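Novice: These came from TrEMBL, pasted as-is:
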- 12-30: transmembrane segment (TRANSMEM)
- 42-64: transmembrane segment (TRANSMEM)
- 76-100: transmembrane segment (TRANSMEM)
- 120-142: transmembrane segment (TRANSMEM)
- 162-183: transmembrane segment (TRANSMEM)
- 203-221: transmembrane segment (TRANSMEM)
- 233-257: transmembrane segment (TRANSMEM)
- 277-297: transmembrane segment (TRANSMEM)
- 332-354: transmembrane segment (TRANSMEM)
- 360-377: transmembrane segment (TRANSMEM)
- 389-410: transmembrane segment (TRANSMEM)
- 416-434: transmembrane segment (TRANSMEM)
Amino acid sequence: EEAIFLRKKITLLRAFSLLIGSMVGSGIFISPKGVLKNSGSVGFSLVVWFACGLLSMFGALCYAELGTRITKSGGHYIYILETLGPLPSFLFLWAEFFAIRPANSAVVSLAFGRYMLEPFFAPCAAPVPAVKLVSLLGYYMVLTLNSWSVTWSARLQTVLSIVKLLALALIIVPGMMLLAQGHTENFQDAFDRELLVLDKLPLAFYAGMFAYSGWFQTSFVREELVRPERNIPLAVIVSVITVIVGYMLTNVSYYTVLGTQDVLASPAVAVSFVQRAFKSLISVVPVLVALSCFGTMNGGIFTFSRTLFVASREGQWPPLFSMIHIRRHTPLPAVMLMFPLVTAMVCIGDIYHLMNFFSFSRWLFIGLATLGLIVHRHRHPELHSPFKVPLFVPISFTIICLFTVAMSFYSDPVNISIGCTMVLSGFPVYYLIIHRQMSSRCRSLLHYLTHKLQLLLEVVQQEIKTY
């Protein structure tokens, strides 16, 4: 009885909540160990954290301009498609679906399960099978919610963003109090050069950038944003500055209370921090951290489903995934598609190996997207953009991303080679299925399967364009 399309339901507050909720998740509670391990010392790890924040701000500003220049949803995918062409955009889509997104979702899910169970098993570590079971239950809950309602997913993200900031405050306040009392012993010889291993620095940056990742999330839902020309840059700038300040203070608090050996030995840094500094909250903080991870899962599913939706609409993914539920007005097929891969990675994966595995592909394509901004400016000098960043910002960000990706081959050749192979495996798929037209028999079979699944899921094509 009414038009079927994705409504504009994301206001400035919800955009801010989406960014905060996506950035402040498992990263700040699990990445300090990875950053410290690969940077070597407390001082260099803090430098890495600040550099990652600055790099994230550069990337976020580039994406804010791309979001005002290109009016479609889809994030990295649509920016690469519109600026560099269909082949690199399909390679991103291939790597994102089979490697980047499921591995990222598995990392966040495993962190959720670990922190949720930590209070029940402390001081012992939670059993791995129990952690994986709770991780999957949390992921399935978020999957169901995103299939049910866009509005309720956005509302949950707003509430959980407040919870995330509260969790950070409960770590920052006691650490700052101890620091003010003169507890600076853990900062002695903070910049010990003998511990610095340069070829490990890219892995330190991957761990840090994982904690900041999420600054690009509004670009995935551009068509559902209210007043995107104003709200994208505003939400991006405020949220990234908030997260940089929060992360720096949180890491200083960690190191004030815990020594380097304690951080490296801890499977859950935030829990070890609370055990040492704030025993009265030993059962509260892990739950808050788990809820933070829950919010990150929610934001990830919410945005990635839009990538598949747009890719299907552009003809590079099966047509079923550009369809919307007739009553719920959610992209149901796109939301449900990640279910089997994330389940498999949670069952067989380890957090830190998964992090290196997907980081290579993610930062390669983010660097290509900002390279696309430079190309787009050169090709369309007449195009007026309501938000424009100085040219050195996308140039610097692109060079750093691609250099870090190249250096990572020396740091972790096995996982990086697997990620590279995953990207390259998309070449024959593109030329056999996308570049060449399918035979009439294949098209008929695809149409038949799409029609049957369409009836089963109660979904239809979007009726009007929102871009």
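Glycine too: its Cβ is placed from the backbone N, Cα and C atoms.
Automatic, uncurated: that is what TrEMBL annotation is.
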Novice: Do the transmembrane segment (233-257) and the transmembrane segment (120-142) come close, with at least three CB pairs under 8 A (pairs 6 or more apart in sequence)?
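Specialist: In this chain the transmembrane segment (233-257) does not contact the transmembrane segment (120-142) - fewer than 3 Cβ pairs sit under 8 Å.
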Novice: Six or more residues out from either end of the transmembrane segment (162-183), which same-chain residues have a Cβ under 8 Å from its Cβ atoms?
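Specialist: Distant Cβ neighbours of the transmembrane segment (162-183) are 20-21, 24-25, 28, 246, 249-250, 252-254, 256-257, 270, 273-274, 277-278, 281, 284-285, 288-289, 291-292, 295.
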Novice: Which one, 12-30, 42-64, 76-100, 120-142, 203-221, has the most C-beta pairs under 8 Å toward the transmembrane segment (360-377)?
Specialist: 76-100
Novice: Please tell me whether the transmembrane segment (389-410) and the transmembrane segment (42-64) touch - that is, whether there are at least 3 C-beta pairs under 8 Å between them, with each pair 6 or more apart in sequence.
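Specialist: Result for the transmembrane segment (389-410) with the transmembrane segment (42-64) is yes.
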Novice: Could you pull out which residues elsewhere in the chain have a CB under 8 Å from any CB of the transmembrane segment (203-221), counting only those six or more residues past its ends?
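Specialist: Distant Cβ neighbours of the transmembrane segment (203-221) are 10, 15, 18-19, 21-23, 25, 27-28, 31, 33-35, 37-39, 44-45, 48-49, 51-53, 55-57, 59-60, 63, 66-67, 73-76, 79, 104, 107, 228, 231-232, 235-236, 239-240, 243, 247, 296, 299, 302-304, 306-307, 355-356, 359-360, 362-363, 366, 404, 408, 411-412.
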